[in-house]
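Chemist: For reference, the structure I am asking about is given below.
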Amino acid sequence: MAGQSRKWMILVATIWIQAFTGTNFDFSAYSSDLKSVLEISQVQLNYLAVASDLGKIFGWSSGLALMYFPLWTVLLAAALMGFVGYGVQWLVITNFLSLPYIMVFICCLLAGLSICWFNTVCFVLCISNFPANRSLALSLTVSFNGVSAALYTLAYNAINPTSPELYLLLNALIPLVISFTAIIPILRQPPFEPLPPDGVRRDSLMFLLLNILAALNGVYLLLFESNSSDVTSARLLFGGSIILLILPLCIPGLVIARNWYLRTIHASFRLEGSGFILVDPDELELHKGMLAHEANRESYEDVVQNTVKTIAAEEGGADELLITRGQLEMLGTEHSLRQLLCRADFWLYYIAYFCGGTIGLVYSNNLGQIAQSLGQSSNTTTLVTLYSSFSFFGRLLSATPDYIRAKFYFARTGWLAIALLPTPIALFLLASSGTVSALQAGTALIGLSSGFIFAAAVSITSELFGPNGVGVNHNILITNIPIGSLIYGFLAALIYDSHGSTGIKSMTDSVVCMGRGCYYWTFVWWGCLSVLGLGSSLVLFIRTRRAYQWFEQARISSNIDS
């Protein structure tokens, strides 16, 4: 039973890793200063943002590394890549070092690759330690990636709120420190232990408690970040946020306390030698759990397939129709690379992500220039925190389908379509109004939408194309992020520079555009593209909802039979 407490320690370690490695979300906080120091145009600045996202194209390298090296070495390699990538940029922006533009580009690429390696490590830890509650573990840990910008903003305000380059130093150092801390529980990773019959339900309650603590963390950052106007209050607030991140350690403590109680207090009151049972009750429950796990592992797929065939027969050959149309017959089927790329559902999913979550990420990269063009430069860090906090809440909400499935079951691809809806609303709102309230509301909506998509995507990829290949398949999916970052960012930069002649300011040799026109057409084009993504997600939902229904009915049938 020691493994049951250690796996929660690993979950807390992944929470810490995710909370401090979403360093690409604070790019807009120092992008204007980086642009000034390098004396580059908005288009060139966009290429640096693209470079950070471009690291995801090489995300498959993390899966390859895990095939040959221990997980802890991959974690340290990610930390070292981030340390070099962000550390060199800090030396450049503080004028300690002078490098050509191409070298800064490579540093941004290396920093982006480190984030992808961190994420892969966390995905593997969640899937291997919580196979029965995989989606809950993934949505919880990935959600903390959304608070990184808010945490770094608090740290920035607590140390030196007049030095934007401090973000880069923190981005280099903090993930390195966290990685060395997280290695301790990772090295003591327990072997897989089958859960007892009530183990899945008990773990779900643990996840519910952790989600409540996570929600408190998000509310805390959202409500109190704006109150950190002076260094003293900022330090107190940053200390409070660290305490909230330490609180999840209580969960392993609860598991250890429960096990100690069962071994000592409860055992001392148990009647021994009754003659009616020759097996120790604890060993009997463990034996039942092992048998149940083995039976489920061997027969669950057969149950699902039989249920699918039965329902298909009742619907008069619908199974054949699904195959001819190339729709998914059953969730969780493993897909090879060739099968993945030949499936229409994957490309619908790809377009939905490309025109949804990726637009939200590019919006966050441009948030510094958007605020500057509307005369809100002083509120840039507040807007970054707003986006980060609502992205965090969106990621937490991605676990909703798993908590309410007993009373209301809805395909996860349907939830994806709902999550995409706020993005076009926000973008058209930003195009129609340049007020501060519209900017804040649009930023919050985009953060909420993109956060849900980022967190739900891992579970959707696992369900549609198989859990075993999720490391490779998901990295193929997120290749749309650097592509979208390049296209969307380039579009925004061209429009920005073309309006530089209207209300231009001089900042060394770079151009600063002022006024609503700087991003008006960008918001319009992004809004139209997000509508395309919404339509693609609706088609994906229509094509996959039957497979989800069959899978849920098979799950219920399996539980009744067992």
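Cβ coordinates are placed from backbone N, Cα and C, and glycine is handled just like the others.
Computed from a predicted structure; not experimentally measured.
When I checked TrEMBL for this same protein, it listed these features:
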| type | residues | note |
| --- | --- | --- |
| SIGNAL | 1-21 | signal peptide |
| DOMAIN | 7-252 | domain 'Nodulin-like' |
| TRANSMEM | 74-93 | transmembrane segment |
| TRANSMEM | 99-124 | transmembrane segment |
| TRANSMEM | 136-154 | transmembrane segment |
| TRANSMEM | 166-184 | transmembrane segment |
| TRANSMEM | 205-224 | transmembrane segment |
| TRANSMEM | 236-257 | transmembrane segment |
| DOMAIN | 336-548 | domain 'NFD4 C-terminal' |
| TRANSMEM | 346-364 | transmembrane segment |
| TRANSMEM | 376-397 | transmembrane segment |
| TRANSMEM | 409-431 | transmembrane segment |
| TRANSMEM | 443-465 | transmembrane segment |
| TRANSMEM | 477-496 | transmembrane segment |
| TRANSMEM | 523-542 | transmembrane segment |
Chemist: If you count every Cβ pair below 8 Å, which range out of 74-93, 166-184, 376-397 shares the most with the transmembrane segment (205-224)?
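Modeler: The stretch with the most close Cβ contacts to the transmembrane segment (205-224) is 376-397.
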Chemist: For the transmembrane segment (409-431) against the transmembrane segment (523-542), do we get 3 or more Cβ-Cβ pairs below 8 Å once near-sequence pairs (under 6 apart) are dropped?
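Modeler: Answer yes, regions in contact.
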Chemist: Checking distant contacts: for the transmembrane segment (477-496), what same-chain residues at least six beyond its ends satisfy Cβ-Cβ under 8 A?
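Modeler: Beyond its ends, the transmembrane segment (477-496) has Cβ neighbours at 41-43, 45-47, 49-50, 53-57, 59, 116, 346, 349-350, 353-354, 357-359, 361-362, 365-366, 369, 373, 457, 461, 513, 518-519, 521-522, 525-526, 529.
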Chemist: For the transmembrane segment (443-465) and the transmembrane segment (346-364), check the count of CB pairs under 8 Å (sequence separation 6 or more) and say whether it reaches 3 or more.
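Modeler: Answer yes: the transmembrane segment (443-465) meets the transmembrane segment (346-364) with 3 or more Cβ pairs below 8 Å.
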Chemist: Which residues, given as numbers and ranges, are at least 6 beyond the ends of the transmembrane segment (74-93) yet have a Cβ under 8 Å from it?
Modeler: 17, 21, 23, 30, 33-34, 37-38, 62, 65-66, 99, 103-104, 107-115, 117-118, 120-121, 165, 168-169, 171-173, 175-176, 178-180, 182-183, 186
Chemist: Report, as numbers and ranges, which residues of the same chain sit near the transmembrane segment (166-184): CB under 8 Å and 6 or more residues beyond its ends.
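Modeler: Distal contacts: 13-14, 16-17, 20-21, 23, 26, 29-30, 72, 75-76, 78-80, 82-87, 89-90, 93, 111, 114, 118, 152, 155-156, 159-160.
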Chemist: In the same chain, which residue numbers or ranges, 6 or more beyond the ends of the transmembrane segment (376-397), come under 8 angstroms Cβ to Cβ?
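Modeler: Residues 22, 25-26, 28-29, 32, 139-140, 142-150, 153, 156-157, 211, 214-215, 217-218, 221-222, 225-226, 360, 363-364, 367-368, 419, 436, 439-440, 443-455.
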